[in-house]
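Pulled from TrEMBL, these are the features on record:
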- 28-48: transmembrane segment (TRANSMEM)
- 68-86: transmembrane segment (TRANSMEM)
- 93-110: transmembrane segment (TRANSMEM)
- 116-135: transmembrane segment (TRANSMEM)
- 156-177: transmembrane segment (TRANSMEM)
- 189-208: transmembrane segment (TRANSMEM)
- 245-261: transmembrane segment (TRANSMEM)
- 281-298: transmembrane segment (TRANSMEM)
- 310-329: transmembrane segment (TRANSMEM)
- 355-379: transmembrane segment (TRANSMEM)
- 419-440: transmembrane segment (TRANSMEM)
Amino acid sequence: MGAEVVVKDEESITKLSTKSRFRYNSPLVQVSLIGLVCFCCPGMFNALSGMGGGGQVDRTATNNANTALYTTFAVFGILGGGIYNILGPHLTLAAGCSTYVLYAGSLLYYNNQPHQGFVIIAGALLGIGAGLLWACEGAIMTSYPPPNRKGTYISLFWSIFNMGGVIGGLVPFILNYHRNEAASVNDGTYIGFMCFMSAGTLLSFAILPPNRVVRDDGTRCTDVKYSSVSKEATEVLKLFTNWKMLLIVPAAWASNFFYTYQFNNVNAVLFNLRTRGLNNVFYWGAQMLGSIGIGYILDFSFQSRRMRGFVGISVVALLGSAIWGGGLANQLPYSHDRPQSEKLDFKDSSFAGPFVLYFSYGLLDAMFQSMVYWVIGALADDSQTLSRYSGFYKGVQSAGAAVAWQVDTHKVPFLSQLIVNWSLTTISYPLLVLLVMLAVKDDNKTEDEIVNEVPVPSSNKDINSTAIST
């Protein structure tokens, strides 16, 4: 697709594989860059959503916008992998990132003109853009790293990405610090989010295609050839009968389903405006800790890759059961019909317990999703296959989220929402264990032995004739 970079001599090839891992075309730098893109766009969106109602006192508009968002996300999440394989990372990411700016702008408009139509349309467009962005991100995060270090790179990405939520949580906390009784955030909050999201859109052009990324051992990530619409349509349809994807469905459905309950019915219901912003700082900060911890277990705890998978799933299952049990104890005293008499402020003596629970929810979210991404990354090595798998995961995840936002809009009891969330995550653990048992091998090859690493040529004859398409 365009210009060609010709590798002319063996010395240049040696330099590619022996230079610092901080070189521009290394997996480390490229995964860090996609982390920064997600820091600016979905990271800031998460901070905005984490306040409950997108920072608005009336959650109806944002609940409806999120339903539209996750409905289109469900479709384009599944199609996103195929679109990425056709367009490549630059166009796919830039198109996706630009929709985040539009969504934040729609909330700025709603803050001054409370008509929800624009917000809902922007939400639907964001769902399309998010499907493209996350399919591209999933392909990069799971195919660029070396097979035996995917957990480490996933935790690196997750830490950078969730730093966006940390910084994004500080924005409303600082700008609304003296408005502890205020219901909706001020205009400056939304403008700040738009600036970050615009920067992420520009940064997306720094991402290299997979055939230009060289690992430390000299292998390229994949010998990707841009696909056709007909081929991708066929491959996407096959995902719905792929037994490995079917085993991931419960985990995918659960992995964003709990956001509605945690953001709207814990953070927004229990805490005042400025404290909700502060809570988000620690919620997304906890995600950084959770991703690092589970990443270490999944890469370094045992020599056997399958054993690392079993241990990682077991740790998340045990911790998840304990955290949701704590959530149950916290939920029992209040409901729609028995609201809390006064919203908590971070200076209140009773703040600590609910705060620790909300922090723990963030910890569990990162561990759960990092674990699922690790399993997906262990099923294949080439970016085309993994972009489709990641897109399928995000599509199902978004379908669950679309349902969850409407569940909250229809005032389903808080306790019922908690029980459904706990049940969905619990069901997913044995299915993931089964998937690891049947499809993940200890020799860094998948069940289908899909390994598409392309070694860099070593002979002068090969070197002089090698062209890398850009």
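Cβ atoms are placed via backbone N, Cα and C, with glycine included.
Scored on C-beta pairs under 8 angstroms, the neighbour of the transmembrane segment (156-177) with the top count among 28-48, 68-86, 116-135, 281-298, 355-379 is 28-48.
With pairs at least 6 apart in sequence, the transmembrane segment (281-298) and the transmembrane segment (355-379) have 3 or more Cβ pairs within the 8 Å limit; the two touch. The listed stretches are 28-48, 281-298, 419-440; of these, 28-48 has the most Cβ pairs under 8 Å to the transmembrane segment (116-135).
Highest Cβ contact count with the transmembrane segment (281-298) among the listed stretches 28-48, 68-86, 419-440 falls to 28-48 (criterion: pairs under 8 Å). Long-range Cβ contacts of the transmembrane segment (419-440) within its own chain (Cβ-Cβ under 8 Å, at least 6 residues beyond either end) map to 244, 247-248, 250-251, 253-254, 257-258, 261, 305-306, 309-310, 313, 316-317, 320-321, 324, 327-328, 368, 371-372, 375, 378-379, 400, 446-447.
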